Each structure stands twice: as structure tokens, then as C-alpha cells.
């Protein structure tokens with residue numbers, strides 16, 4: 001593992017207790033007595049609060065349901081993995097040899113967990129203000145266009161992030177049928193959650209119909 005002082009420079013924060021940072025970067029695969037799972041648990045809660053606060057202040061006219069969708073689009077594995085990559089966190093992780101050989105340093109799940117753990121460690125040592133300063137700066141670097149229209153464009157992704165976060169399920173899409181001449185064919189798609197139909201839409205392609213069905217489902221969920 002590389003020198004942690006280099007990581008601290010990337011992070012913009014010097015730990016008083018280096019063992020806390022070591023714990024945050026230690027994956028459970030190492031079988032060490034201390035790994036980053038507990039710090040990840042704490043960091044997850046801290047990031048959920050800070051992103052919610054950030055959105056609340058940034059979007060003063062957006063309703064609660066829409067803020068929940070924005071938060072789900074930012075507080076998730078992919079988003080946190082991107083922020084971890086900005087810090088080159090993968091280079092500093094402590095992994096088992098098996099996980100190392102399996103490409104663990106670039107896995108979204110491992111990077112995301114480590115990012116949350118590091119934020120949890122900073123919270124323990126320096127408090128909420130310091131975590132806010134570091135995490136929101138990173139968030140804006142990775143997502144310079146944090147606005148409702150930009151993040152909601154891909155309704156399928158936004159819906160999946162919301163349903164995973166709130167229900168623990170992933171939407172499925174079922175082709176009901178197609179109709180019309182070949183040069184102007186339309187497709188009807190049903191969207192299901194846990195096997196129950198939530199919405200249905202028609203589009204000029206399967207992809208468009210899926211996006212429309214996801215948009216309808218998002219509107220229903222936020223009510």
C-alpha cells in the first residue's frame with residue numbers, strides 16, 4: 001500500500017490518528033481485526049445528512065419528493081466511487097491478495113464503501129464541519145452541474161437509485177406489445193416493482209418507452 005501521507009494530501013486533511021485512516025482504508029477481505037465496515041456505517045449516515053442539507057439549501061423551491069430523487073442520484077455507490085477515484089483512493093486500499101487479483105481497487109462497491117468510511121473517520125476526528133467542507137467540495141468537482149433537470153434526464157437511472165435506496169428493489173421492464181407499420185412502429189412497455197405493474201408507456205423505441213414509464217413511476221413515487 002502506498003504512503004498514506006500522499007492520500008492525505010489528495011484529501012486535503014491530515015489525520016491526527018493515522019490508525020483511524022488505516023482502518024477506513026482496510027477492506028474486510030484482509031481478515032484484520034479492524035476493517036472499515038463500522039466507519040462505513042457511520043459515514044453513510046453522515047453523507048446522507050450532508051447531501052440532504054446541501055440540496056435543501058441549494059434548491060429552495062423544489063418539493064420534498066424531488067429533493068429525495070436528487071439525493072438518491074447523488075448518494076449511491078456509483079457517485080461515491082467516482083468521488084473516491086478523484087482522490088485516487090484505490091491506490092491506498094488494504095485488500096486481501098485474492099481481492100487484489102480480482103480487480104478490487106477499481107470496484108465501485110469497494111471504493112464507495114471506503115469513501116464512506118473515510119468520511120466517517122473524519123467525522124469522528126474533526127466533526128461535521130470538516131466533513132462538509134471536504135465532501136461537498138468533492139461532490140461539486142465530480143458533479144459540476146448539480147441541478148434537477150440535469151440529474152433527472154435519465155429517468156431509468158434516477159428511478160433505480162430511488163427504488164434501491166427506499167425499497168431495496170430494481171425496476172424491471174416488460175414489453176407488452178408493438179404496433180404500427182415498420183417505418184413507424186411503436187412499443188408499449190410496462191414497468192414493474194416486485195412483479196407489480198407500476199406504470200406503462202408507449203414510445204417510438206423500446207428505450208424511449210422505458211424512459212417514459214420510468215418518468216411516470218417517479219412521479220407516482222414522489223406523491
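Each residue, glycine too, has its Cβ placed from N, Cα and C.
Noted in Swiss-Prot for the protein shown:
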type: DOMAIN; residues: 4-127; note: domain 'RNase III'
type: BINDING; residues: 40, 113, 116; note: Mg(2+) binding site
type: ACT_SITE; residues: 44; note: active site
type: ACT_SITE; residues: 116; note: active site
type: DOMAIN; residues: 154-223; note: domain 'DRBM'
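Sequence features, as recorded in Swiss-Prot, placed on the structure.
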{"residue": "40", "record": "Mg(2+) binding site", "CB count, 10 Å": "21"}
{"residue": "44", "record": "active site", "CB count, 10 Å": "19"}
{"residue": "113", "record": "Mg(2+) binding site", "CB count, 10 Å": "27"}
{"residue": "116", "record": "Mg(2+) binding site", "CB count, 10 Å": "28"}
Could you name the residues, excluding 40, 113, 116, of the same chain that surround the Mg(2+) site, i.e. Cβ within 8 Å of the Cβ centre of those residues, in sequence order?
36, 37, 39, 41, 43, 44, 80, 112, 114, 115, 117, 120
Between 0 and 100, where does the mean pLDDT of the domain 'DRBM' (154-223) sit?
89
Taking the Cα atoms as reference points, how far is residue 113 (Mg(2+) binding site) from residue 44 (active site) in Å?
8
Which whole-number value in Å describes the distance between the Cα atoms of residue 44 (active site) and residue 116 (Mg(2+) binding site)?
6
Tally of DSSP helical, extended and coil residues in the domain 'RNase III' (4-127):
92 helix, 2 strand, 30 coil
